[in-house]
Structure formats: C-alpha cells, structure tokens
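Working notes for the structure below.
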Amino acid sequence: MKLSGIKSAESSHDDSIWAATWVPPSSASSECLLLTGSLDESVRLWRADDLSPAAPPSRGHSLGVVSLAAHPSGSLAAASSLDSLVRVFHLHTSASVALLHPDSPSEAWGLNFNPKGSLLAVAGGASASIKLWETTTWQLAETVPVPHPTDRSQSPNPSSASFILAVAWSPDGRRLACSSYDGSVAVFDTERAKFLHHLSGHHMPVRSLVFSPVDPRVLFTGSDDSHVHMYDAEGRSLVAAMSGHAGWVSSVDASPDGAALATGSADRTVRLWDLGMRAAVQTMTSHTDHVWGVAFRPSASGPGTRDAGRLASVSDDKSISLYDYS
C-alpha cells in the first residue's frame with residue numbers, strides 16, 4: 001500500500017481541528033462524506049473529492065469539539081465537546097436530535113456507535129466509566145465502571161484515578177475497549193456486560209484505539225509515549241510494539257482490508273504502517289502542526305476488501321489533507 005497526497009484545504013475551520021470521521025452513504029447522499037470537528041465549536045461536512053462543503057456548519061456547543069462518531073445509517077452523527085456535552089444531530093440539516101448530559105463535567109470524550117447503531121458509547125472522562133446511550137430514545141442505558149489496574153506492571157500510575165479518553169467497538173460488536181490517561185486499556189464482553197481484562201504496555205495516555213475491521217481479536221492503540229501497539233485483545237497479549245513517531249500518537253485507524261494502519265502525531269506527520277512488516281513504510285508531511293485525526297474511508301465493497309481508497313487527516317494547523325492509497 002502506498003499513499004499519495006491529492007488535496008489539502010487550508011483554513012478549513014477557524015481553529016484547530018481535533019476530530020475527523022467518514023459518514024457512510026445514506027438516502028441523502030450516495031457517497032461517503034467527511035465530517036470534521038474543531039475547537040471553533042463547529043462540525044463541518046465535506047465532499048470527498050474536492051473538500052467542498054456538503055452542508056452548512058453545524059453548531060450547538062459552547063466549547064471546542066473533541067470527538068465525532070457517525071451513525072451506521074449515515075443520517076446521524078454525535079459530537080462530544082469540551083463543554084462536557086454530547087450533541088446528536090441530523091447530518092444534512094444540522095438539526096439537533098438529542099443533547100446528552102453527563103452527570104458532571106469532564107465526562108464526555110471519545111465516542112463510538114456500535115456496529116448495529118443501537119448504542120452510543122461515550123468515554124466517561126473523570127468518572128472512570130463508559131456511558132452507553134440507547135439510540136432510539138437517547139436514554140442512558142448503562143454506566144459501565146472501568147476498573148483501575150491493581151498490578152503496577154499494567155499501569156504506570158496506579159495511584160491516580162483513570163481518566164477515560166477513547167472507546168472502540170469490535171467489528172462484530174462483541175467487545176468494547178476503552179483507553180485511559182494512565183496508559184491502560186480495558187476490554188469488556190458486551191454480550192455479558194462483563195469486564196474481561198486490561199491490556200498493558202503503554203507508559204503514557206492512550207488517546208486513540210481501533211479494532212481491526214477484519215479480525216475482532218486485534219486491537220491497535222496509539223499513545224503519548226510515541227508508540228503504536230498491536231494487541232490480541234482476547235489473549236491479553238502484546239503482539240507488536242511499533243515505533244517511529246517523535247511525539248504523541250494522537251490518532252490511529254486501520255485500513256478497510258486490515259493490512260495497514262495510519263497514525264497522526266504531535267510530530268506533525270502522518271505515518272502508514274504495513275501490518276505484515278509491522279513497520280512504518282511511509283511518512284507524509286503535509287501538515288505544519290500536531291495531527292489530531294486520521295481516518296480511512298470505508299471501502300465501497302465492504303470490510304476485508306482491498307480497492308483504491310482514501311485517507312483523511314486533520315491538524316492544529318486548521319487544515320484537512322486527503323490521500324489516495326492503493
């Protein structure tokens with residue numbers, strides 16, 4: 001796989017862009033669209049070919065947007081903000097569907113819909129929990145406490161409370177993982193609503209994690225310790241520790257065929273990793289500041305397929321970059 005830059009859009013937002021995700025085709029749009037969120041408090045929808053606006057900016061937060069998730073239907077999205085609220089809205093009209101209020105401040109960070117779109121998982125920040133919201137009524141279905149590692153080898157700072165930063169569902173929906181400021185990763189069995197175990201190895205905050213789209217056992221993580229890890233989430237084992245970045249790894253995403261990984265970093269680069277080689281094979285330098293988000297566009301042929309695709313990245317420099325890969 002090889003990346004080739006095709007377009008960068010400068011000043012896409014009025015402030016740093018911290019979040020990006022792709023929106024599946026829907027009844028309102030036959031193509032995948034790119035959704036971005038910024039510290040300028042707005043969420044914007046873009047066409048994938050020329051980065052032209054696909055809808056007016058969506059607003060509703062009083063502080064910057066830090067995470068985004070698109071519903072599998074392609075009609076809705078959720079945004080979490082530094083104002084500690086989660087706003088659910090119609091993508092093409094920007095009309096609000098629900099405003100989800102955590103119990104206290106600092107309880108809404110990374111978020112993700114499950115594969116069926118029936119639940120929205122929200123990283124609970126300082127509450128050391130995952131909030132699960134039912135997407136028909138938008139009522140809180142469950143608050144899942146995240147145990148803190150008691151083994152010092154599993155947490156570099158076991159005396160501090162876990163601050164939950166990100167969540168990820170396995171492609172079959174059977175597992176839910178979350179990452180913490182203390183460097184630990186917790187894995188849950190969603191069918192039994194049961195905590196399974198922690199995954200250890202990182203020594204600083206883990207800001208992003210994603211399951212392989214083709215193997216529900218495989219989980220990838222990126223950490224402030226500048227390393228990228230590949231885990232067997234079922235066997236609790238670290239399969240590979242990959243290095244190459246010179247700063248925080250703020251975002252990770254797996255290619256639709258499961259053969260590659262993309263990462264964005266505080267070192268201002270986007271890296272492409274060959275998972276067969278377990279090494280970085282390409283470095284892109286289109287950004288001039290911290291790269292907060294990377295996102296592969298889903299394959300039109302479905303997970304596990306390899307066809308010409310697209311990767312997006314966003315940065316503190318307020319720009320969006322698009323890359324083709326084949």
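Glycine too: its Cβ is placed from the backbone N, Cα and C atoms.
Record features (TrEMBL):
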REPEAT    58-99  repeat 'WD'
REPEAT    157-198  repeat 'WD'
DOMAIN    157-207  domain 'Anaphase-promoting complex subunit 4-like WD40'
REPEAT    199-241  repeat 'WD'
REPEAT    242-283  repeat 'WD'
Positions on the same chain near the repeat 'WD' (58-99), where near means CB under 8 A and six or more residues out: 15-16, 18-29, 33, 35-45, 105-113, 115-117, 120, 122-123, 125, 133, 135, 138, 166
DSSP helix/strand/coil residue counts for the repeat 'WD' (157-198): 0 helix, 22 strand, 20 coil
Same-chain residues at least 6 beyond the ends of the repeat 'WD' (242-283) whose Cβ lies under 8 Å from its Cβ atoms: 1-3, 204, 207-215, 218, 220-224, 226-230, 289-296, 298-299, 302-306, 309, 311, 313-315, 321, 323, 325
The repeat 'WD' (242-283): DSSP-derived helix, strand, coil residue counts: 0 helix, 24 strand, 18 coil
Helix, strand and coil residues within the repeat 'WD' (58-99) as assigned by DSSP: 0 helix, 23 strand, 19 coil
Counts by DSSP class (helix H/G/I, strand E/B, coil) across the repeat 'WD' (199-241): 0 helix, 24 strand, 19 coil
